[in-house]
Amino acid sequence: MSSSRNTHWCHRCQRAVRLHGQEPVCFYCGGGFVEELDMAQASPFDMFRSHRGVVERDQTFDLMDAFSVFMRNRLAERSHDREIRGRTISSGPENFPGLAPLLIFGGQVPYRLTGDNAVEALFNGGSPGIGITRGNTGDYFFGPGLEELFEQLSAGTTRRGPPPAPRSAIDALPTIKIAQRHLRSSDSNCPVCKDEFELGSEAKQMPCNHIYHSDCIVPWLVQHNSCPVCRQELPSASGPSSSQNRTTPTRNYRSSSSSSSSNSRENGNERRNPFSSFWPFRSSGSSSSSTQNRGGTRNSDTSDENHNYHQQQHQQSYMGYSGWPFDY
């Protein structure tokens, strides 16, 4: 009953084997705990088999045979429950009928499948013939929905969360001096930069009684109308002047911030703005205005753009924040 094809499964060797002579004995271990395989379908790797002796036979084929038989049985069981979708290739002498599933290693299939090539393809959907399933198009995200997603992601002007704090609300924040009671409480550190307050130094106090360094809380309030700790919003300013003040900041904040930053440099205790990495791009107002200018004059000189860029960088240097796009 010897054959070049593995006809039984040895439970001791845990692989597909051939019988040793006429007895139901494993060819490799000599054990009798073998089970006949369903050979209704040919092994997909018969085309790669060597006609040389058993000693020279590559054991990779044994693993591939066992895997092929296992998956073929699993697919046969599933076919009773539901219809397996896949491309059906007509059976013929040249199509190797019933070759499923098929395991293909990276690169061209050599005479002996050796090396560390990774698995490239697996299964052909249980359909007769050699083939590889295409991916289900329903599993991919494309079409109008994808375009809408890109539009939402590219909408840099879309805001999330509280709006920016009004200028009047930022101006109305009281400035306090750090006393011993502050250092003995949980307010001894600035929640933004985590630096400890110095006795007698100044700090800004929010309506929720949380205190911050002035150069730590002002950049936050320019973007968010709330406390970074408890999220309590600042009172909104009444009147149309608040929105105008937000879009056209005065030079008082720039001069005061510039002086405070220069003093901190002289003392050698300059604090790095923790929010500078959040705004690596230009402000929405400047980007929208530059977009309109480019739309009106597409062929303008690059020197004008460079001049505007350097002017903007000069304005940002008032606060000493790298990447900070506002005039505060």
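Keep in mind that glycine also has a Cβ here, set from the backbone N, Cα and C atoms.
Record features, source Swiss-Prot:
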COMPBIAS  238-250  compositional bias 'Polar residues'
COMPBIAS  251-266  compositional bias 'Low complexity'
COMPBIAS  275-290  compositional bias 'Low complexity'
COMPBIAS  291-300  compositional bias 'Polar residues'
MOD_RES   S2  N-acetylserine
REGION    233-324  region 'Disordered'
ZN_FING   190-231  zinc finger
The zinc finger (190-231) [mean pLDDT, rounded to integer]: 90
Summary of DSSP states over the zinc finger (190-231), given as helix, strand and coil counts: 10 helix, 8 strand, 24 coil
